[in-house]
Amino acid sequence: MSVPIVPTDFAHAPKLEQLKNEFVECYDTDDSRKFFITRSPGRVNLIGEHIDYCQFSVLPMAIENDLMLACRLTSESENPSITLTNHDSNFAQRKFDLPLDGSLIEIDPSVSDWSNYFKCGLLVAQQFLQEKYNFKGPVHGMEIYVKGDIPSGGGLSSSAAFICAVSLAIIYSNVPAGTPILKDELTKTTAVAEHHVGVNNGGMDQAASICGIEGHALYVEFKPELKATPFKFPEDLPISFLIANTLVVSNKAETGPVNYNLRVVEVTVAANVLAQKFGVTLQTEGNLGKGTLRNFMDSYYTKYDKSCRKPWDGEIQTGIERLNKMLQLVEETLDPNGYTLDHAVELCGCESISQFTELYLTNFPVRFQRLKLFQRAKHVYSEALRVLKALQLFQKGESNFFEEFGALMNESQESCDKLYECSCPETDSICEIALKNGSFGSRLTGAGWGGCTVHLCSTDTVDSVKSALTEQYYNLRFPELTAEELEDAIIISKPSLGSVLYE
């Protein structure tokens, strides 16, 4: 499927007309040069937390809040440049020249500036143009006006939406007219863009932003390749999702050694302890290059299942059977009391603490007394299982979808809290308030330790959930919030359309 390119009478599209008017106010009214708008939405992950870096699939959706770029090609031919203006005055205007020889734009990740994210989208688009079309010249210069309503820093992937809209604009303006821009190619192109500013993401955000479909969630797979498959919510159900920000920010530099970084180490060590126990070899994949819990599952079945010595191909029923087996092995093999460093060294087959440290503890700073391998592995396998059970609900289209999907979300929150320990008191409080006031399922979304929560509601109950959260959480904990800040903290959205280009 290709990104929709929609011929548009801007005078009959109020939101787009407003954006064009603001562009004209910023620049000028020269209509002789090509003008177009690219749009990409934010996303929220409905289920499947902290399992993407274990190579298991996740279930996000695109939200209605989006980011748009109003773009106009410049007439300059000798010195092409990009001029960036942001509707938000907190982001100063930027202008930079484009390499005349067609070489890739340079990015300095040590400099924290919003234009670096534009350059990320530009750079990967340049690479795509060179690889697919043998594009050699400099890309077209443009004047660009940026506007969006995705709260930044709220865990809804505003940066990914920005990059997707940028890459779409660069590719569209540098290929022959009428050339389709395929969604899967744009997804794979942008999936690695943020790596250029030091963000080690895996592609879920970009897949959801680009491939979103109204009324659908997206089953995003990472193996054998990045792929997004839409699953439709039951048509006759008035579904709404409420996304509430705890307004708690976890400083990753300070808390990483005992939170996120440590979880990456624990799931990797768990995979290797299981591999040693069952005599299988893991591929050099994952964040530490030492294999993942998905690798262990595939290696286990390759060795022990005589009927099918193949890695899992994503088929739902097979995945459910295999994940249930993995949960059984975790219960039988790993100790709920945790592992000291010495014990982990022995079970991983390392010869010394120094060897274990070199293999597992040097990529990221970590601190621990005991490694909770049982809890982390149980969360990963059970969360991956919940994703597949959610897909079964989509396929059945059952009348009690609210209750059953909500139950999976609640189980996910329980697992994130008790097994992965990535919740926090504020998240727990928001979920409790929401469930008492009309939410069918409430859970954290994103990395956790603060950040956002997501709640499954009906259109009949979503307003009561919002009112309860306003009165019982925000007004009590953050009485200084302005009306605008409160509006950013609570977002109501239905599953939305992904990237679009208007010309």
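Heads up, the Cβ atoms here are built off N, Cα and C, so glycines get one too.
Taken from Swiss-Prot, the feature alpha-D-galactose binding site applies to ARG43, GLU49, HIS50, ASP52, ASN201, ASP205, TYR260. Long-range neighbours of ASP205 (alpha-D-galactose binding site) (same chain, six or more residues apart, CB within less than 8 Å of its CB): ARG43, PRO60, SER157, ALA160.
As annotated by Swiss-Prot, site 'Transition state stabilizer' applies to ARG43.
If you look up Swiss-Prot, you'll see GLY153, GLY155, SER157, SER158, SER250, ASN251, LYS252 marked as ATP binding site, on the strength of similarity to another entry. A coil conformation is recorded for SER157 (ATP binding site) in the three-state DSSP classification, outside any helix or strand.
If you look up Swiss-Prot, you'll see ASP205 marked as active site, proton acceptor.
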In Å, rounded, how far does the Cα of SER250 (ATP binding site) sit from the Cα of ASN201 (alpha-D-galactose binding site)?
18
Across all protein chains shown, the binding-site residues GLU49, ASP52 give the max Cβ-within-10 Å count at GLU49
For the alpha-D-galactose site made of ARG43, GLU49, HIS50, ASP52, ASN201, ASP205, TYR260, how many Å separate the two farthest Cα atoms?
21
Within 10 Å of each Cβ, count the other Cβ atoms, then let me know which of the binding-site residues GLY153, GLY155 comes out lowest.
GLY153
For GLY155 (ATP binding site) and GLU49 (alpha-D-galactose binding site), the CA-to-CA distance in whole Å is 13
HIS50 (alpha-D-galactose binding site) has how many other Cβ neighbours within 10 Å of its own Cβ?
24
